[in-house]
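So that you can see what the record holds, here are the features copied from TrEMBL:
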BINDING   GLU115, ASP226  divalent metal cation 1 binding site
BINDING   HIS152, HIS177  divalent metal cation 2 binding site
Amino acid sequence: MAAIRMIDIAVNFTDGMFKGIYNGKQCHVADIPTVLNRAWAAGVHRIIVTGGSLQESREALAIAETDGRLFCTVGVHPTRCKEFEESGDPEKHFQDLLSLAKEGIQKGKVVAVGECGLDYDRLHFCPAEIQKRYFEKQFELAYITKLPMFLHMRAAAADFCEIVEKNKDRFSGGVTHSFTGSMDDCIKLLSFDKMYIGINGCSMKTAENLDVVKGIPVERMMIETDSPYCEIKNTHAGIGFVKSTWPSKKKEKYDQECIVKGRNEPCSVRQVLEVVAGCKGINDVGNLSRTLYHNTCRMFFPHDLDSAADALLAGDNSS
């Protein structure tokens, strides 16, 4: 069996829960280093920290600079797109994002534009027209920086695909992360060249979800946790396929040897891998992890597709 190595493409390390803060209340110490150690021990080799606003993207870059295995995105989440106009100068806001992205690229840390896209489940945060305007604007960011895109699509497949279609020559590729759509949505996304689909716990809640995941070719898939959200729960359809578990305790009884109950962590990307393998009937989880790892490198770490990646693909796991 090949050794398991994974890249978690979506971790929200800027979230208060990783500072020990839940609903405004400090429950335990900030613990990113502890969380990272658990991830590395589980076979995670790299993590992409998500930026969802200008300020959050700055924080994501600062976090990424603390470890050689951390990288990040720069962009504005659909539910936060009002920030362009609330800044008083949308063009300056865009230029600030651009210069942050350029700074991060120079540091070897920023690997994608995002998280951006459309979210029609949460229009109370930001109306559709504003979401569409600034989703489209962020293709300009991708075009100038030559970065791939880290995308969000929730209950908005038609408009999302229309905007991607219109701008498909302006970006080098992307991943639609935390995918929870239908098989039809999936087919639409996969009709775009160089579009991958990101799978996490939220992608595998129901039997219908698992059927969709079954139909996604592994060559077009990446895995993620979207932690601290999207954990695989006992009520989820795929729970029977989970093999790796960690002891957990409530946040009030914090113990660094345990995961916090109800807070997802990057180590559990291993569970996502196990459920994908289980629902697809794949016995060689190591081999599956190698394919997903290679997909992710091809998109986000192209300079890395050197002899190491080729050796991995050839099945030389002597390293």
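Just so you know, glycine gets a Cβ as well, placed from its N, Cα and C.
Any TrEMBL annotation is an automated prediction that lacks curation.
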Other C-beta atoms that fall within 10 angstroms of the C-beta of HIS152 (divalent metal cation 2 binding site): 26
HIS177 (divalent metal cation 2 binding site), number of other Cβ atoms within 10 Å: 27
